[in-house]
Amino acid sequence: MRLDKFIAENVGLTRSQATKAIRQSAVKINGEIVKSGSVQISQEDEIYFEDELLTWIEEGQYFMLNKPQGCVCSNDDGDYPTIYQFFDYPLAGKLHSAGRLDVDTTGLVLLTDDGQWSHRITSPKHHCEKTYLVTLADPVEENYSAACAEGILLRGEKEPTKPAKLEILDDYNVNLTISEGRYHQVKRMFAALGNKVVGLHRWKIGDVVLDESLEEGEYRPLTQSEIEKLVK
């Protein structure tokens, strides 16, 4: 691994900030000051930042987070805090989300440092299903289930959505399971049906269900069974 990448991930800096710190003699490898961020390092090396020994994070980290409203799933956003505020560095710098939720959508987000694993979840060819609890502004109509099962043509698109499963819970709440990830898909599906989504909560990805014991903003590691369920 490059030294500047390691420093950025472990200290919580951008790559350019890490490079600047290295040039300013803030980093030592095995007791020697190093001023080049391109130096390759390994876990056998002792890396110091401002005289503090940094620890290596093992590869293969998998978590579920109960995302609250008001934060985004990107690593950096000028308008909203990100979900990575809930994780301490150096861990936060190594994770990415396997799929995203809008700023006003709550619920299950999966995070990992394993790119191949997350690709299996997000790639359209794997058809990983996601289930949402949807709260609507107007009462549910009888034709919604059939319309979702047949596919709905969204505004501005040429192809209808893939068949989706809709379970009516009461007059204003439904569970919707989709296998795509189009832009604002759930909201646009109900807009096409003449309704409006006023609450959206993802509680299931594949066969993994959001842990009910997690408060908003809390996370826990996935079990080995959960990790394997998502790539079976």
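Keep in mind that glycine also has a Cβ here, set from the backbone N, Cα and C atoms.
Residues or ranges marked as active site, nucleophile by Swiss-Prot on the basis of similarity to another entry: Asp102. All protein chains considered, the CB of Asp102 (active site, nucleophile) has 15 other CB atoms within 10 Å.
Regional average pLDDT for the domain 'S4 RNA-binding' (1-68) in the model is 89. Here Swiss-Prot flags 1-68 as domain 'S4 RNA-binding'.
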